[in-house]
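Enquirer: Take a look at the following structure, please.
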Amino acid sequence: MPFWFGVAVGGALGALARYGVSLLVAGRLASTAWGNFPLATLLVNVLGSFLLAFITTLALRGLVSPAWRLAVGTGFIGALTTFSTFAWESDLMVRDGEAARASLYVLGNLVLGYAAVLLGRALAARLGGGA
């Protein structure tokens, strides 16, 4: 099977997962103070950071094939996560006079995303037989 096919299938599944997360979060938060906070984007970006670190660490140890790494990393995780939406939503909050909320959102994406990378890498290293 060609690599591009795995990337395409992974991408389709990642896009559907992202859409599903946005529906779930919107339905649960609509009537709360967090209703207009872009929590779905934050969640998929943090989850994607964890998953990419996890799968890449396993791949670097030879525990995941290049085909799976591409299908999951480039395809699924690439479609699940979104830097462009994160940037756009940050700008919208600033333009709406919500600079503090935008700052929280930007810091949340960066700090939680990096923490998720550290956790994903550590978990994969542990499961893969190394530190």
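For all residues, glycine too, the Cβ spot is worked out from N, Cα and C.
So Swiss-Prot lists the following for this protein:
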- Gly78, Thr81: Na(+) binding site (BINDING)
- 5-25: transmembrane segment (TRANSMEM)
- 39-59: transmembrane segment (TRANSMEM)
- 70-90: transmembrane segment (TRANSMEM)
- 104-124: transmembrane segment (TRANSMEM)
Enquirer: Against the transmembrane segment (70-90), which of these stretches has the most C-beta pairs under 8 Å: 5-25, 39-59, 104-124?
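Expert: The stretch with the most contacts is 5-25.
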Enquirer: Under a criterion of Cβ-Cβ distance under 8 Å and sequence separation of at least 6, what residues of the same chain contact Gly78 (Na(+) binding site)?
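Expert: For Gly78 (Na(+) binding site), the qualifying residues are Gly10, Gly11, Gly14.
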Enquirer: 10 Å Cβ neighbour count around Thr81 (Na(+) binding site)?
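Expert: Around the Cβ of Thr81 (Na(+) binding site), 21 other Cβ atoms lie within 10 Å.
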Enquirer: Which state, by DSSP, holds Thr81 (Na(+) binding site): helix, strand or coil?
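Expert: In the DSSP reduction, Thr81 (Na(+) binding site) maps to coil.
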